[in-house]
């Protein structure tokens, strides 16, 4: 999970800066292609190291999508509806999340979808899920080939004719939709082009191809760095510092609690499951055939003589200080099952998954093992909690739908700042209701409430960010803040994840404090509702 965030963090900064150099459409095409290629590749690779490498570069590609697509879309919107339409764009982050969680729920638990080609190549259901999650990216690349470049970017680099043609196409399409096809597109004033950096072509005549390539890459990276540094120049320096604080606090609180919620629910499940454990002591069983499921049991100081354990499932079963003599274990599947300090004499194991690590401090005397199965053998049909994980994730994603709709409809009416500050403060206050989350259903309800409140803050923050930066550094500024967001997410995951099962007080106080403080800082940002994009 963290390796993808690392890739997204670097990718957001790099592709955002590149979008201000080579164009929004071009940057989007390249970064989405990188993501699609490595996402597909990661579905087929067999080595864990190579898999992480593919996920890293997949994250690197997808990291550029958010800063670039918001800059791209905002630059073809009318001022009156800009906030609303950018909010509808934000909704597709949620739709992507619903798609991913629904596909995980539908695909991953189907172990029967797997196949193998010898012992060298394995293809399991989760690999199908990875492919399915890459399909929207492929369709985006295809669609982008038919899309025009941002006219604002073209004007910024002095390509007036191309910008005029795109604006005319937008104008004519809108006028036909309004039933006024006779209206003619006219331009009264054109922005003066800026000076374009020509340093890229140094040594184009005399240098070797790799030398020219090196100079070009170095110059592009230096240009991205210069654009980034201009985000801290007047008149946007103050806004960048405030946005940095808001992005960091919102991301830290949101992602921190997002990883904390499922883990707490899982912890509550484990506690409730452990409270129902059955204890059996000093059992003496001989010449008996066990052919049924044993679940959530602890057997202590037992003696099992000439017993047969056939076609059984052991789920969360522990045998302690017990003796097994002249027994047979055949066709056994186990989950969280251990034999601690037990003694086995003249016992046969045939077609079981009882590997050596399940015998803790146990003694095996004259025992034989045939056809031992390795790896995880339990199916999702037998493990309800696996379905539960995907179901909770699906509900949490679906819960943001009302907040998305509300924020889209009210963004241009009540203003970005009111929505940003109000949503973050309310999210911080809602954290205190977690004190009363003593059951799974209550925690799921809190998760849905929390996600529904924070989505309005995310939407308004996205809108404010694109509106506060001028065209020549909009994608770069957004990319930097998005990279910071991913760094805060990793930090939040680490801190909040380490507190699961230890204390509720620290996560609640920490999340509520950072969200309220971030919301108050957000209220100090300038209102951009009536502002023309710079």
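Positions of Cβ are set from backbone N, Cα and C atoms, glycine also.
In TrEMBL, the annotation transmembrane segment applies to 86-108, one of the ranges 86-108, 155-177. Of the given residue ranges 28-47, 128-147, 188-207, TrEMBL assigns the label transmembrane segment to 128-147. Contact between the transmembrane segment (442-466) and the transmembrane segment (387-410) holds: at least three of their C-beta pairs are under 8 Å, each pair 6 or more apart in sequence. Taken as a whole, the domain 'Major facilitator superfamily (MFS) profile' (1-529) shows an average pLDDT of 83 in this prediction.
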